[in-house]
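Taken from TrEMBL, the feature domain 'G-protein coupled receptors family 1 profile' covers 43-292. Under the heading transmembrane segment, TrEMBL lists 27-49, 61-83, 103-122, 142-161, 199-223, 244-263, 275-294.
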Amino acid sequence: MTSLCVENNTVKYIAILGFQGAQGRNIFLSIVFILLYLLIIFGNGLIITTVSLKSNLQKPMYYLLATFSGLEICYTSVFMPWIITSLSTGLQKISLLQCEIQLYFYVSFGVSELFLLAVMAFDRYQAICNPFHYMEVMSPHVCAYLALTCWVGGFVFNLPLSLMLQKLDFRGNSVINHFMCDGPAVLQLSCSDTTHMNLISFILALVTMLTSLILTMLSYIWVIHTILKLPTHTVKSKTFSTCSSHLTAAGMYYGTLIFIYARPQFNNSYDMNKVVSVFYTIIVPLLNPLIYSLRNKEFKKAVRKLTI
């Protein structure tokens with residue numbers, strides 16, 4: 001699907017509709033989003049600070065968790081300031097260049113998180129299924145290399161699509177029915193033929209998510225298989241608790257992403273997409289610190305010592 005071209009009407013600014021029907025409650029919503037954003041920064045920042053300061057948390061699992069929290073802060077910081085500014089001032093326009101930059105960083109950080117979720121699952125596999133060689137395989141040097149690869153990989157992976165987007169013609173429609181510059185919504189604005197780019201985006205999204213998901217599932221299949229062979233229920237429960245938080249967070253993240261991006265765009269409902277997007281872009285980063293802290297006794301103990 002493409003937008004109709006209008007001669008001498010090159011799009012320089014894009015209007016983002018945001019949360020339609022919320023007019024009159026913008027100040028209230030802006031306060032809500034400010035609080036949510038601060039909670040996301042505080043929760044994930046607390047994880048980073050605790051892991052950095054507590055020597056008993058200087059382990060691969062917590063190092064990767066702190067890296068993931070850093071990604072969550074960067075991920076939400078791409079669009080949350082824009083949402084808050086838009087609700088506070090009523091400003092709905094954003095330049096096409098700013099929109100493309102926002103989209104590039106938003107997708108890049110998202111892909112980096114997918115890569116890191118697979119690495120975190122591999123870490124749990126090594127810790128539980130290969131404990132005698134765990135520190136050798138997941139050495140600090142290897143952890144740092146894997147974390148850096150995830151960060152850089154997301155930006156490199158997203159670069160071709162970003163370059164393809166630069167070549168599209170935007171002359172005509174300039175209204176996005178979303179609360180941020182989301183990929184499918186931006187492509188709808190182009191009067192160029194986006195059939196191939198939609199197909200490429202769909203295939204890349206599907207391959208990326210499924211590859212990360214399959215690697216995560218395979219890791220946990222072996223983890224669960226190993227746990228079931230442990231001698232007592234207490235040992236099984238204690239061992240599984242070390243990976244249950246990651247499994248919960250990964251399930252929420254993969255589920256919502258696959259719902260939105262890994263399906264043909266002509267079946268998309270933008271109103272439904274906005275609702276689900278709020279869940280995985282805001283609610284999931286907000287819940288992740290709670291999931292990891294409440295389900296991990298060692299981390300809870302470290303936080304208590306840090307705050308006392």
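Yeah, the Cβs are placed from backbone N, Cα and C, and that goes for glycine too.
Just so you know, TrEMBL annotations are computer predictions that nobody has curated.
At the 8 Å Cβ threshold, with sequence separation of at least 6, the transmembrane segment (199-223) lacks contact with the transmembrane segment (275-294), having fewer than 3 such pairs. For the domain 'G-protein coupled receptors family 1 profile' (43-292), the model gives a mean pLDDT of 83.
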